[in-house]
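Colleague: This is the structure, below, for whatever I ask next.
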Amino acid sequence: MISKLKAFSLRFFQNKYFSVAAAFLFSYFLYLTIPPKYLLSADHYEKFILGKSIYLSDFRSLDVFYPGFDFDPELKFSLLQMSIVNGHKIIAFPVSLGILYAFVFPFGGVYGIYFLSASLIGLVLFLIGKEFEIPAWQIFLFSFLSPVVMNGYLFMDVGVGLFLFVSGIVLYQRSKKNRPFLFAAFGGMVLSLSYWFRLEYLIFIGLYWTCESFLRLPFSKENKKQFFLTSAVLIILFFGYCGFNQSFFHSPLGPRYNANYSHSGFSNLFKNFINLLFYGNLKLGVFGYSPFLFVGFLFFLSTQARNWKNISEKEKPLLISSVLGILVAASVAPNDGGAESGSRYLTPGLPGLFVLTSGFFSFLRTKKILWNISFYVLLAISILPTWIYYKTTKGFAKNTKRVQEFIFKEPEENLLIFQNGLIGGMASEGLYFQGRVFQATGVSELVALLKKFSISKNQSSVSFEYFAYSKEYTKGMKNLEYDPNTKEGMINYLNRFDSEAISEIKSIKIVDKKTFGNIEILYGIYGEK
C-alpha cells in the first residue's frame, strides 16, 4: 500500500501540469482572494497614479498628473510625495514602472496590473525550477514559505525586476548551447532592464558577471563570442540608463537613488543589515522569514564550497552572486525596507538560495531521520510569517474597502483632505484625478490649502472633510517596540493634527465630527471672515 502511494505521489509531483501549477498557484491565490483595487495605498497608490498619468497623456509625457498645480506649483498639498526636477513633476519611483502600468492600464486597470504581477512572479518560479532542475514540489514550497511571491506580487517593481533578472540569466546560459548569438544579446538586454525597476539589481548583475568572467577563464572558442557580446550589451545599456536619468532627472541613477540616499546616513547601516537579514522594527528579514533558507546558505558555506567541482557550471555564478549579493545589498541598504517583511532589497538573491536549499533537500536523503525532522520543522515555522503577512494584507484591503465605501457616500461637493498618503490612498485613484483629494499634514497647512483652493476656484466658502489618525491611535504608538528615532518622528508627525486648534480658527467652522476606526473625520466649512 505504501509503495503504491509513493509511486502515485512521484507520478503526481513529476507531472508536467503540476510543475506549472506549482509555480503559479500561490500568486493566483493572492490575486483571487485579495481584491487588487483595495491594495492601492501609499507606495502602491503613487505608482498607479504615475502609470495612469502617462496613459492619460497618450504617452506624450512622463510627468505625474497633479490636479492642484495651478494653485499649488510648489506641490505642498499633493497627496503624492512629488517634486519638480528639470521641469518635470516626478515621484521617487522608476518611470519605467509607470510606463509598464500605462501599457497594461487599458486591460482591466488595476486588475490587469495585478494579474500581470501574479503571472510574472509565477513565471519566475517556473523558470527557476526548469533551468536549475528543482522539483516542482520544492518550487511550490518556496512559493509560500519564502517572501518571493508575497513581495513580488504586492510590489510589482520587485516582481518585474526579478522576472527580467532570471529571464536574462536563462537566455544567456542557453546561448552557450549552440544557440544563435541573438540569445546572448537578448539576454544582456533583458538583464539590463531589471535595474530600470529596482536599483539593487546593479549589485547582483555586477557580481554575477564578475563571477562569470573569472569562472570562464580561459575562454573556450564556443563561449568567447557570446560572453563578450553580452558584456558589450550590458556596458552600453548601463551607460544608456545613466544617460537617460541624467538628462531627465539630473541624476545618473534616477530619483529613487536620490530619495533613498539623500537623507540616509551611515549610522544605521549595521542595524539595517541585521533587520534585512533577520529581524528588526517589528518585521522579519529574509532569513527570519524563511529560516530554512539560512540552512541552505550555511550548507553552501560548509559543504558545497568544498565540493565546488561537482556543482553545475551554470549554477556557480548564480550561487556566488546570490550569497555575496545578499550580504552586500544588506550592508549598503539606505533603510530596512519599510513595513513589509522578507526584505524586498534582497529579492534578487532568492533564486540562488532556492538552488542551494534544493541541494540541501538532496543532502538530507543520506542523513538520519533526526536531520529530516529538524529541517521540516523549520519549513513548518516558515508558514507562519506568510500567513501573518497574508492576513495583514487582507485585513488592510478590507479596511480600505470600508473607507472607500464610506467616502463614496459623502457629498460630491466636499473637498477631501488627508493627513497623509496612507489614509489618502484609500480614497481611490478616481477621486485624485477629479481634483477632490489633497493632503495637509497639520493645522497651518490645512488653512493654507483651503485659502489657496477657494481663491483659485473663486469660491467664497469651501466645504471640506479632513481625515487624520485619532489622538488615541497616536498615543498607542508610544508602546510600539520600534526604532526610537523613527518612532519619535512618526509620533511628532501625527501630533501635528489637533482638532481643537482647528476649531479655534476663525475662518473655519466645524459642523460635525466622526470617528471611523482609527481615523477621526472633521466636517467643516472654510470662509474668510
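Each position is counted from 1, following the chain as shown.
The backbone N, Cα and C atoms fix where each Cβ goes, glycine too.
All annotation found in TrEMBL is predicted automatically rather than curated by experts.
Checked TrEMBL, it gives:
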- 12-31: transmembrane segment (TRANSMEM)
- 79-104: transmembrane segment (TRANSMEM)
- 111-128: transmembrane segment (TRANSMEM)
- 148-172: transmembrane segment (TRANSMEM)
- 179-196: transmembrane segment (TRANSMEM)
- 202-219: transmembrane segment (TRANSMEM)
- 226-248: transmembrane segment (TRANSMEM)
- 286-305: transmembrane segment (TRANSMEM)
- 317-333: transmembrane segment (TRANSMEM)
- 345-364: transmembrane segment (TRANSMEM)
- 369-390: transmembrane segment (TRANSMEM)
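Situate these features within the shown structure.
Modeller: Beyond the ends of the transmembrane segment (111-128), by six or more residues, the same chain brings 19-20, 22-24, 27-28, 30-31, 36-37, 39, 48, 51, 101, 104-105, 134, 139, 142-143, 148-149, 152-154, 156, 159-160, 162-163, 166-167, 170, 351, 354-355 to within a C-beta distance below 8 angstroms of the stretch.
Packing against the transmembrane segment (226-248) from elsewhere in the chain are residues 62, 86, 88, 95, 172, 175-176, 181, 183-185, 187-189, 191-192, 195-196, 205, 209, 212-213, 216, 219, 254: each is 6 or more residues past its ends and has a CB under 8 Å from a CB in it.
Sequence-distant contacts of the transmembrane segment (286-305) (same chain, at least 6 residues past either end, Cβ-Cβ under 8 Å): 145-147, 276-279, 311, 319, 323, 326, 341-343, 346, 349-350, 353-354, 356-360, 363, 375, 378-379, 381-382, 385-386.
Taking Cβ pairs closer than 8 Å, the transmembrane segment (317-333) reaches residues 132, 169, 200, 203-204, 207-212, 215, 269, 272-273, 276-277, 285-286, 297, 300-301, 304, 311, 343, 345-346, 348-353, 355-356 in its own chain, all 6 or more past its ends.
Same-chain neighbours of the transmembrane segment (369-390): 30, 141, 144-147, 150, 284, 288-292, 295, 340-342, 360, counting only residues six or more beyond its ends whose CB sits under 8 Å from a CB of the stretch.
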Colleague: Using Cβ atoms and a strict cutoff of less than 8 Å, what residues sit near the transmembrane segment (345-364) while being 6 or more residues removed from its termini?
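Modeller: Contacts of the transmembrane segment (345-364) (Cβ under 8 Å, skipping residues fewer than 6 from its ends): 124, 128, 132, 134-135, 138-139, 142, 146-148, 151-152, 158, 161-162, 165-166, 169, 194, 198, 200-201, 203-204, 276-277, 285-286, 292-293, 295-297, 299-300, 303-304, 315, 318-319, 321-323, 325-326, 329-330, 333, 337, 371-372, 375.
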Colleague: Using a Cβ distance cut-off of under 8 Å, indicate which of 79-104, 148-172, 202-219 has the most pairs with the transmembrane segment (179-196).
Modeller: 148-172
Colleague: So what's near the transmembrane segment (79-104) in sequence-distant terms, Cβ-Cβ under 8 Å and 6+ beyond its ends?
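Modeller: Distal contacts: 43, 45-55, 59, 62-66, 69, 112-113, 116, 156-157, 160, 193, 196-198, 247-251, 254-256, 258-260, 418, 421, 424-425, 432, 437-439.
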